[in-house]
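Taken straight from TrEMBL:
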BINDING   B:SER16, B:VAL245, B:GLU406  FAD binding site
BINDING   B:PHE352  substrate binding site
DOMAIN    B:15-360  domain 'Amine oxidase'
DOMAIN    B:364-430  domain 'Amine oxidase'
Protein chains: 2
Amino acid sequence: MTEETWDVVIVGAGLSGLSAAQTLRKRNGKLRILILEGKDRVGGRTVTQELPAAHGIDRWDMGGQWVGSTQTYVMDLIQEFGLEVYTQYTTGKKVHHVGGPHAKVRTSSTSIPALSTLVLLDLSQLVWKIDRLSSTVSVEDPMKTPNAQELDSMTLHSYIEKHAWTEEMKEEMGVCSRVVFGMEPNQMSFLYFIMYAAAAGGVLCLLESTPGSAQEFRVKGGTQQLSERLAQQIGRESVRLGQAVTAIWQDAERAKVMTATHSYLCRAVIVTCPPHLAAKIHYQPALPIQREHLTQNMPVGHMMKFVITYQMAFWREKGFSGEIVARPSAECPLSVTFDGTSPSGSAALVGFISGVQAYNWSSREDWALEEYSGGCPVNVMAPGMLTYYHPSLCMPCGRIHWAGTETATKWCGYMDGAIQSGQRAALEVLARLCPFTLTQEEQDAMQAAQNQNHDSGPCQHLPSTSHLRRALILTTLIMATAVLLAQPQLCRDWIGQARQVVLRRFALWQ
Amino acid sequence: MTEETWDVVIVGAGLSGLSAAQTLRKRNGKLRILILEGKDRVGGRTVTQELPAAHGIDRWDMGGQWVGSTQTYVMDLIQEFGLEVYTQYTTGKKVHHVGGPHAKVRTSSTSIPALSTLVLLDLSQLVWKIDRLSSTVSVEDPMKTPNAQELDSMTLHSYIEKHAWTEEMKEEMGVCSRVVFGMEPNQMSFLYFIMYAAAAGGVLCLLESTPGSAQEFRVKGGTQQLSERLAQQIGRESVRLGQAVTAIWQDAERAKVMTATHSYLCRAVIVTCPPHLAAKIHYQPALPIQREHLTQNMPVGHMMKFVITYQMAFWREKGFSGEIVARPSAECPLSVTFDGTSPSGSAALVGFISGVQAYNWSSREDWALEEYSGGCPVNVMAPGMLTYYHPSLCMPCGRIHWAGTETATKWCGYMDGAIQSGQRAALEVLARLCPFTLTQEEQDAMQAAQNQNHDSGPCQHLPSTSHLRRALILTTLIMATAVLLAQPQLCRDWIGQARQVVLRRFALWQ
């Protein structure tokens, strides 16, 4: 077994690991940095592939594909590499199929889904309640959230059961959970859900394609380019593919990172792989119990993505946006589709089969079957995990530092969060190895974070205008219903307009 | 790396693995069986140690210690090896300290804890409700339980919050969860909880020391003797200690089980280690996603056991049983103690620090720190796991068969369940390698189980008399309260007697 010596070894060549390496390299060009990756490619949960299309071969993202204007880390990186984004196509009618097994497939002109006023009201009140709670969450230290332990003691399912008025709305929330996490609402802590929403700026930001939301832009040429450019910048000789890390040992002097065939001595390690994979590495000395129990209980989602290419975007011509939202069933396993037409005009639809439905399809090629992914898009926390173990998610263990999008405090679970986490872990390592490369401000911030003081108080991602806006929506809807009930024949036009205003806010459900 | 060839390799030399080997050996003496164990001893989560006591050295169980008369698998084994059991000492007053941070420490004469009538009623109605639900559970296929998905979508905490009337009762249930599982009520699926209770014969069977309950007997000389005798019977040359399995590969012809230094070819493998440790083994080809996601989300408990030896059992002389039930606090980390005096008369108390409190003490020697245990007493399931993944807990993956107490259908989580699971896995292997050693009945049973038909319908562990008994208790208590409210001065004596009858049923709370 060969043995080499480096300054820093990074486990994982996804956006998180590569961003960590970039930050280390930028701050101190002398550091010898090695990235070990189990897969035979860089990019982690992003991968861009060629598919036959109407006008020859074109490229599509088979993993993470959307970015948004409030995702400053990933937008900065896109700009740094001179890449371009384009807006997700959402013009036209949407198809909506939710509301029990016997629900009709409904299409909506003027971009309004055929939801009853009651369900719209329910949607509005539920999102308003969740967002109000979400605005009280401290993402850095979720247990500072008012009533944190109670919120962490219930599943997302239990919350929905208690607070949604209609069965249709409960089903809608199931679709949301599947689309955002690849997971059923009963597998996740409710506090974790609202923390995740808070890290994105509110629950609607997770669901929408509007400015600032998660599905706002796509990257021309695909998102894997970001990792490829990063690897190029860092130097391909520093990135070793097909080198899955099996063990990390450490003592007072150094750490030793082992693969099946090699062993690497170093002064610091950054582990960036998803928590359930980090849990499979053998650590010596053993990690603290809190860390072990946490990573053993962060279920990873199950989401299968498909891209269908067409001769032409026939849906656009017929006035459809390409969006379908559906309750999964035996006949229709998908949860959602979007227009996936490439910037060069190759027509396509992109969609997801997710949550429990994905299991019926998992004999197909799948993220869950990729050994060094094991699922996608993200690991969440089961109930009770935030209450007892949250600090150990990021707390360094000796020479080992933790990154990966699950450890991010802004857009946790997204490419943006991966980059934030990599940069944060890099600063931790710099503070250990060469503190002179950090500003006093950075050193103080590191110290504060590592002291677990988390004095930051409730996080203020949601501007108060957002509250007002939602309160306004709720009021409008209540008024609309009141008018409708009072004068059913009179006000249809006015109500139609009001609904239109409201429903622009709920693009994903359309 | 040396390579050897065997018929069956068993991973883990606890009661489950050793029982599997015993069954294989009994049925077919020609099978070459090898047991690989990561620890330097046999016994898994049972270990018997010597401690200084009043009259010299004596032995105590530092792991699993109790058995009960309805635990037929372990009782048979005890009988086979000519070992003896003795009854847990419970005579005398109990100490009870539950009811909020300012609760008084109360002792009770005549074995009745100083609970208010309201809390007794609450206890009675809650246990009655849970037991009624528990009696509808199919342990073999929990998703056949009426309303299964809903019950699996909430935590035990959520159920208690909804159905307990008093804060004191909620706290009592927290103590129960800690004592039985080493876990907080918010970390566990409620359906899993009632399935676990059903596998033991009802929720009170988990908690009590009465005949048929979990804390009925102890084994003279300690429970680790069972594993030592089994290992002796099987042949010490077939048990290799300090050989942690790191990988299992298989193809159409054979399986290959690897440790750091050896590799063993065989025709079948039985993996008996706890699910979170089984998840750390590297499998090739990869296991089905369902299995991976399940074992990644079965949190293991955290329970620290302590034995304190004394010159004399002073509590007995003062009329105490040695039982303390306490809400954990900074001043009092323990959840429960029992009289632990040895059969030869060495006075001792045995107690547990468990659940979240154990973390504050985990710098001490601890099951959680033992690399090839990682926690105790048992792994449970987080919400949603039974709904989506339960069948993969036992379903063989090619040549790999699964055992361990977590896979048992009777006294799951106990020594008895470990033995049952080992014997069941052995029959599966025999059905594969030498079906002629099985009776037609056994073959049919195997076939039925492996077809996942589970036609067994709801399990009937709880005799209907038990239902009647509990209904009677409830009625008695309601009548008592009615009388108390109507004639507060009159009936104290009668109520005292009624309470005494009732409270014999709730020994653990006393």
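Glycine is treated like the rest: Cβ placed from N, Cα and C.
Confidence across the domain 'Amine oxidase' (B:15-360), taken as the mean pLDDT and rounded to a whole number, stands at 93.
DSSP labels the residues of the domain 'Amine oxidase' (B:364-430) in these numbers: 31 helix, 5 strand, 31 coil.
Spread of the FAD binding residues is 19 Å (greatest Cα-Cα distance among B:SER16, B:VAL245, B:GLU406). Secondary structure from DSSP puts B:SER16 (FAD binding site) in a helix. With a cut-off of 8 Å between CB atoms and residues at least 6 apart in sequence, the same chain places B:GLY44, B:THR272, B:ALA403, B:GLY404, B:THR405, B:ALA418, B:ILE419, B:SER421, B:GLY422, B:ALA425 near B:SER16 (FAD binding site), listed in sequence order. You'll find the Cα of B:GLU406 (FAD binding site) roughly 21 Å from the Cα of B:PHE352 (substrate binding site). Sequence-distant contacts (6 or more apart, same chain, Cβ under 8 Å) of B:VAL245 (FAD binding site) comprise B:VAL11, B:LEU36, B:GLY38, B:VAL257, B:MET258, B:THR259, B:ILE281. Using a 10 Å radius centred on the Cβ of B:PHE352 (substrate binding site) and all shown protein chains, the other Cβ atoms total 21. Other Cβ atoms within 10 Å of the Cβ of B:GLU406 (FAD binding site), summed over all protein chains shown, number 28. In three-state terms derived from DSSP, B:PHE352 (substrate binding site) belongs to an extended strand segment.
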